[in-house]
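**Q** Copying in the features that TrEMBL gives for the protein in this structure:
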TRANSMEM  61-83  transmembrane segment
DOMAIN    61-653  domain 'Major facilitator superfamily (MFS) profile'
TRANSMEM  95-115  transmembrane segment
TRANSMEM  127-147  transmembrane segment
TRANSMEM  185-210  transmembrane segment
TRANSMEM  222-241  transmembrane segment
TRANSMEM  275-297  transmembrane segment
TRANSMEM  348-370  transmembrane segment
TRANSMEM  390-409  transmembrane segment
TRANSMEM  421-439  transmembrane segment
DOMAIN    460-515  domain 'Kazal-like'
TRANSMEM  541-568  transmembrane segment
TRANSMEM  580-603  transmembrane segment
TRANSMEM  632-655  transmembrane segment
């Protein structure tokens, strides 16, 4: 290290690395890189021999993958599956829980540029140790409301059958009850999400760049693809783990009640809440254990200097690399504006970022609403639809990233060839997107929505003469299927006044709104009967839809790893982490934040029956127009993929590979002069 004071080692800039400068001639390894930066794996002088087995790219990739898996478990798995439980337990509406979900992206956007800028020249494994600390802390904070909000009081049983006139109407009038303090826990959940966002920022910027630092160029895509694929296991594990824990009562043990108006509840009761908090506590402990391996990695893995020296730059030839090297941009905070300007003026980088943001919008939209689409199109339960959605999205996305990583690695594609490869995968995904045109379903018969009650009542009105005196609640959606193969909003709206349990299965009887069965040979004993759940759908396109959609996701995610590799290649060596930080900001501002909002608006636009409670407050949508929903989602998806293809094609035509000679051309000199002045 040359003269001067000793800086904070986390932000200490490495010695100039000439290995990726624009030259094809042999490059001598920079001898000024301190040997300690490629030191052993350990803590100071404590460097056990056993740890050296992990002091290589494979060992780092294993630790990186574990952290990415746990980040996915908490952020994209547990939180998503726990949101509805948190809404009920803490009396929050969907707008407020949407704010909780967005808090992660807000923190990520704010910090991404600064973390990637300062961390580029710092000790990247220590930044990931900090990432593990913040992810664990955020997980712990997110679980704290359970321990301070007291025991869950689930109240009296709700009746779902037709009641004697006037017997229970007083219980369901609109009144302003005493204001609860439970909604104040919103701020604790937001704090937890903000901390998770802080922890996630270094992982996908500095963590990914460190992989690219440590392996040869032709292997980088394979390692990054494996790391990204492993991160997709997180949401899958989170959904499975969280779903199982929701089968456990929220306070573990059901309370013993002496009051006869309170009855023990089971998982079929709408008042049931599961133990959403257990997995967050477990993840807090597991994530903090990962601080240990990341804190023992050296600043650079052994052999990094040699690997960097053998690499030849593929930076877009606009003079930016010469400017960064000659001015040593990025060494101090005062260089931040010009460093950002250099990246924003790189047309190849910005084209790739816009293309990836467009794809992210579609990916996050479907990740959020694919279960709802399956549930409504094909008449499946919400839990089964969520399982199907996970079985399609997670394996397909992981397979796509691994396949593309292997292909780019084995074929040793250069930057321009990688971008052309992306055009092919996006085009195939666009063609497969047409599955929404021929694998859609019509609407099943629904009393009061798509058809009348045996010729009485009106469309889009759940109340008819046969249930007018039942005092039914539109806020209690509990669909039943009548013997006439028509779906009813609830047993109450079907006019059912009694229920029985036959072989542990609940059936409803004395249903005044249900007509005669379509099969004339049915016994008279079952003329007025309904069973819980939606009627079996007559649509048989679900296997076809899932098959086509699986390959659509595969080809969509085959562009993710190549996009990351192309971004790392087309920018100056010392700006790679910063470029990933810029991409992360745009991904969230243009993709992951507006994606679920846009898809949600489209789905709401296809609603035919809204939940309107006794206070005339509009809530969730109960019934959708299936064809309209399919066309709207296909339109959004196709438009985004066309935008992606346009900008990837632009990136191919705008990309200019560096010259074979390292000599500074007149054009480069003018570029340096124009930007620096």
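Don't overthink the numbers, they just go from 1 along the chain as shown.
Here the Cβ of each residue, glycine as well, is placed from N, Cα and C on the backbone.
So that I understand the layout, could you describe where these features sit and how close they are to other parts?
**A** Model confidence over the domain 'Major facilitator superfamily (MFS) profile' (61-653) is summarised by a mean pLDDT of 79.
Among residues of the same chain six or more beyond the transmembrane segment (95-115), those with a C-beta under 8 A of the stretch's C-beta atoms are 75, 79-80, 83, 86-87, 127, 183, 186, 189-190, 193-198, 200-202, 205-206, 340, 578, 581-582, 584-585, 588-589, 592-593, 596.
Counting same-chain residues at least six beyond the ends of the transmembrane segment (127-147), those with a Cβ under 8 angstroms from any Cβ of the stretch are 10, 63-64, 67, 70-71, 74, 79, 90, 115, 119, 185, 188-189, 191-203, 206-207, 210, 250, 276-277, 280-281, 283-285, 287-288, 290-291, 294-295.
For the transmembrane segment (222-241), the residues of the chain that approach it from at least six positions outside its boundaries are 57, 61, 64-65, 68-78, 80-81, 207-208, 211-212, 215, 279, 367, 386, 390, 394, 397-399, 401-402, 404-406, 408-409, 560-561, 564-565, judged by C-beta separation under 8 angstroms.
Beyond the ends of the transmembrane segment (275-297), by six or more residues, the same chain brings 41-43, 51, 54-55, 60, 63, 66-67, 70, 73-74, 78, 81-82, 85-86, 89, 125-126, 128-129, 131-133, 135-137, 139-140, 142-143, 146-147, 238, 241-242, 245-246, 248-252 to within a C-beta distance below 8 angstroms of the stretch.
Sequence-distant contacts of the transmembrane segment (390-409) (same chain, six or more residues past either end, CB-CB distance under 8 Å): 218-226, 228-229, 232-233, 235-236, 239-240, 363, 366-367, 370, 418, 421, 425, 546, 549-551, 553-562, 565.
Beyond the ends of the transmembrane segment (541-568), by six or more residues, the same chain brings 208-209, 212, 220-221, 224-225, 228, 349, 352-353, 355-356, 359, 362-363, 366, 374, 377-378, 380, 388, 392-393, 395-401, 403-405, 408, 415, 418-419, 421-422, 425-426, 428-429, 432-433, 435, 438-441, 576, 579-580, 583, 644, 648, 651 to within a C-beta distance below 8 angstroms of the stretch.
Nonlocal intrachain contacts for the transmembrane segment (580-603), taken as residues 6+ away from its ends with a CB within less than 8 angstroms of a stretch CB, comprise 101-102, 105, 108-109, 112-117, 201, 204-205, 208-209, 340, 343-344, 349, 352-354, 356-366, 368-369, 372-373, 564, 567-568, 621, 624, 629, 632-633, 636.
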**Q** Under an 8 Å Cβ to Cβ limit, what residues of the same chain, 6 or more beyond the ends of the transmembrane segment (348-370), are close to it?
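**A** Here the qualifying positions are 76, 80, 235, 316, 389, 392-393, 397, 419, 422, 426, 553, 556-557, 559-560, 563, 566-567, 570-571, 579, 582-583, 586-587, 589-592, 594-596, 598-600, 603, 633, 636-637, 640-641, 643-645, 647-648, 650-651, 654-655.
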